[in-house]
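Structure, as structure tokens:
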Amino acid sequence: RGTGSGRGRRGLAMAKSKFEYVRDFEADDTCLPDCWIVVRLDGRNFHRFSEQHEFKKPNDDRALQLMTRCAQTVMQELEDIALAYGQSDEYSFVFKKKTRWFKRRASKFMTHVVSQFASSYVFYWKDYFKDQQLLYPPGFDGRIVLYPNNQNLKDYLSWRQADCHINNLYNTVFWMLVQRSGLTPVEAQDRLRGTLAGDKNEILFSEFSINYNNEPLMYRKGTVLIWQKVNEIITKKIKLPEEAEEKEVEVIRTKTKVVPLHCDIIGDQFWEEYPEILAEDS
């Protein structure tokens, strides 16, 4: 009658009940071998959520940094995530091709990622939105996609980063027209209908003196999370043979941490700089 899963009792005779046949109804959701497993999560109704919680437009640093903090927590808590990529209210988590975590069961991957992320979002909210109370629980949905080779995976991540650029350029112009030119949202939409990237850049530059290329990289490129070895200086107390009292000394310790980068992942440079991400034995 405890709250445990009961796995420990399965081997006993009493576990073999006449009801056990119901386990045959469980679908096999094992992911194909030798494929990159990508779990992408999105905020549920985050348009409404961002309005209710007064997110700054077009980008709110607090919201973006909170998303990244949650993604870092997911990578630290779950096994075998090679990298993650996030923008706006979405994050993609790439599990290693060879992972055997939870026997590669899709439902386990997706539910673990989404539940860990959602609980982290609530847990860390106050660290980023100090004066803004969380009015109701946020929700996230997830999907899982398998990519059989490295090029497919790189193209997927390129697609998400291109999406980040397209959306952010549009939102930057849209909110300038609303906030600084006094247009209504409908008027701003009409003004931008049919415009190309060059047209939007021209509006920003000629009407608002904004060079889009000088906008923060986090807004334009999104956030890539990778594992990196970093040196940390810690203070330790040691006792030298000749000394009566303990002495504090600084020691450099190497740790592997989840590090955020704001860089291009569409070109080759990123992958040449971090070849271990795609390495077969990583």
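Each Cβ is built from the backbone N, Cα and C atoms, and glycine gets one as well.
The domain 'tRNAHis guanylyltransferase catalytic' feature in TrEMBL is assigned to 19-148.
Cβ contacts within 10 Å of Asp42 (Mg(2+) 1 binding site), excluding its own Cβ and spanning all protein chains shown: 16. As annotated by TrEMBL, Mg(2+) 1 binding site applies to Asp42, Gly43, Asp89.
The Cβ neighbour count for Asp89 (Mg(2+) 1 binding site), using a 10 Å radius and every protein chain shown, is 20. Positions annotated as Mg(2+) 2 binding site by TrEMBL: Asp42, Asp89.
Residues or ranges marked as GTP binding site in TrEMBL: Asp42, Gly43, Arg44, Asn45, Phe46, His47, Ser88, Asp89. Counting every protein chain shown, 10 other Cβ atoms lie within 10 Å of the Cβ of His47 (GTP binding site).
In the predicted model, the domain 'Thg1 C-terminal' (151-267) has a mean pLDDT of 93. Annotated domain 'Thg1 C-terminal' per TrEMBL: 151-267, in sequence order.
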Taking 8 Å from the centroid of the Cβ atoms of Asp42, Gly43, Asp89 as the cut-off, which other residues in that chain fall inside it around the Mg(2+) 1 site?
Leu41, Arg44, Phe46, Ser88, Glu90, Phe140
Neighbour count first, Cβ atoms within 10 Å, every protein chain included; then name which of Asn45, Ser88 tops the list of binding-site residues.
Ser88
Whole-number Å only: compute the distance from the Cα of His47 (GTP binding site) to the Cα of Asp89 (Mg(2+) 1 binding site).
9
The rounded CA-CA distance in Å from Asn45 (GTP binding site) to Asp89 (Mg(2+) 1 binding site) is 10
